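Taken from Swiss-Prot as is:
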BINDING   Gly170, Asp171, Arg172, Gln173, Thr174, Gly175, Lys176, Thr177  ATP binding site
MOD_RES   Thr257  phosphothreonine
SITE      Ser363  site 'Required for activity'
Amino acid sequence: MVTIRADEISNIIRERIEQYNREVTIVNTGTVLQVGDGIARIYGLDEVMAGELVEFDEGTIGIALNLESNNVGVVLMGDGLMIQEGSSVKATGKIAQIPVSEAYLGRVINALANPIDGRGKISASESRLIESPAPGIISRRSVYEPLQTGLIAIDSMIPIGRGQRELIIGDRQTGKTAVATDTILNQQGQNVICVYVAIGQKASSVAQVVTSLQERGAMEYTIVVAETADAPATLQYLAPYTGAALAEYFMYREQHTLIIYDDLSKQAQAYRQMSLLLRRPPGREAYPGDVFYLHSRLLERAAKLSSQLGEGSMTALPIVETQSGDVSAYIPTNVISITDGQIFLSADLFNAGIRPAINVGISVSRVGSAAQIKAMKQVAGKLKLELAQFAELEAFAQFSSDLDKATQNQLARGQRLRELLKQSQSAPLTVEEQIMTIYTGTNGYLDGLEIGQVRKFLVQLRTYLKTNKPQFQEIIASTKTLTAEAESFLKEGIQEQLERFLLQEKV
């Protein structure tokens, strides 16, 4: 029989008494009443905040969006297949936030900032709220530095400045993503951090963008935030805010950032789905009443910060998809009114082989002209005017057979100018190359060439000037002005190359 030793028992009791913790923790809990379609109705959670994170028994996280008199509507950040009626939920006391650090550069992450590229964890010591207030009026300064996209049509006629919000709008399959990715490629060596947010895209499309950026060495300064079409609506709704939080981290550290939201139509659809399932009253096109606020609070976070805050910037290029060119639909009109201009991509131009398919007539940049360099202003004014006159004449010429010589010349010039605006995908041009290209067109040097020869000649001209007249690029780069000296170098180079080209073509 085991002998019971009183001293051992008293020691154990003494230890237990010493270890006793008198701390009382109060946990705000609730019970699941109903769950399905990514929404859970919770009874209890009396002191929960709007937007607070809640945790279910089996580990799923949700956001409390609807605070009603007898229950709380929670949207789930996962499939929630293991959540059952009656299971318990606890409030975490936290609002959604993500870790942020330099280590995110070159990575592909989801809306919760978890890596999805299979390259291991990302170390981060700081965190930021996903929903942060936008900088106030005093914290900002007006846009004055250019953000070059590398596309002639945009940089000359619809210029974008650092800190601007410029909408890219058009039907499906008109090259909206291509314009955005070309802009990322053109930031190489410009000390700009890029964030590409893919919302509700096909996983294959996102993989294609990532591969294209990797091949050209652009992932070194880029972060990709992706929530594909099969992701829960909650995560598709959160993805743009996650991207904005990452871009803000760099902006407040005196760096320049570019963020692309591809696309906000899908985010609005995800938000509509959540709102209707939460039984919020539908408005126009069944979107909830606060869908304008959904986008305005996101896009207002893009800014050019004042000198006191370090002059960092966040430039936003939101993308919106239209249905058969209808710009007057609800989401397009909302985003047009929030942004500082729009680049309109036309399906007709795209099908006619004009790519990028930018409709220059109805595209505008409301603040970008202040950011254009002087040399570009000097050549772009004439280009814009001649293209506008050409568009008018072309419509008129369809109905008239006998045109006078001056009109024929103007039409011929317009066709060549339209040709010089065409660019291959992933082939951005430097601002000096753009200036020499536009100057060649607006000063009539292309008028003697066949339309089919224009692009071939321009490619050779850019190579020739780079090799034989490097002084031109040096003057533009240092003075940002098309000086008389630079113009004479340019004229000489164009004349020499034109003579060589015409001789080649004759052979």
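A Cβ is built for glycine as well, from the same backbone N, Cα and C atoms used for every other residue.
What Swiss-Prot annotates, mapped onto the structure for a quick look.
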| residue | record | DSSP (3 states) |
| --- | --- | --- |
| Gly170 | ATP binding site | strand |
| Gly175 | ATP binding site | coil |
| Thr257 | phosphothreonine | strand |
| Ser363 | site 'Required for activity' | coil |
Rank the binding-site residues Thr174, Thr177 by the number of other Cβ atoms within 10 Å of each Cβ, and give the residue at the low end.
Thr177
Find, among the binding-site residues listed as Gly170, Gly175, the one whose Cβ has the highest number of other Cβ atoms within 10 Å in the structure shown.
Gly170
Output the one of Arg172, Lys176 that, of all these binding-site residues, has the highest number of other Cβ atoms within 10 Å of its Cβ.
Lys176
Starting from the Cβ centroid of Gly170, Asp171, Arg172, Gln173, Thr174, Gly175, Lys176, Thr177, which together make up the recorded ATP site, report each further residue of the same chain whose Cβ lies within 8 Å of that point, ordered by sequence.
Glu321, Leu345, Ala347, Phe350, Ala357
For the recorded positions listed here (Gln173, Thr257, Ser363), which one has the lowest count of neighbouring CB atoms within 10 Å of its own CB?
Gln173
Hey, what's the Cβ neighbour count for Asp171 (ATP binding site) at 10 Å?
18
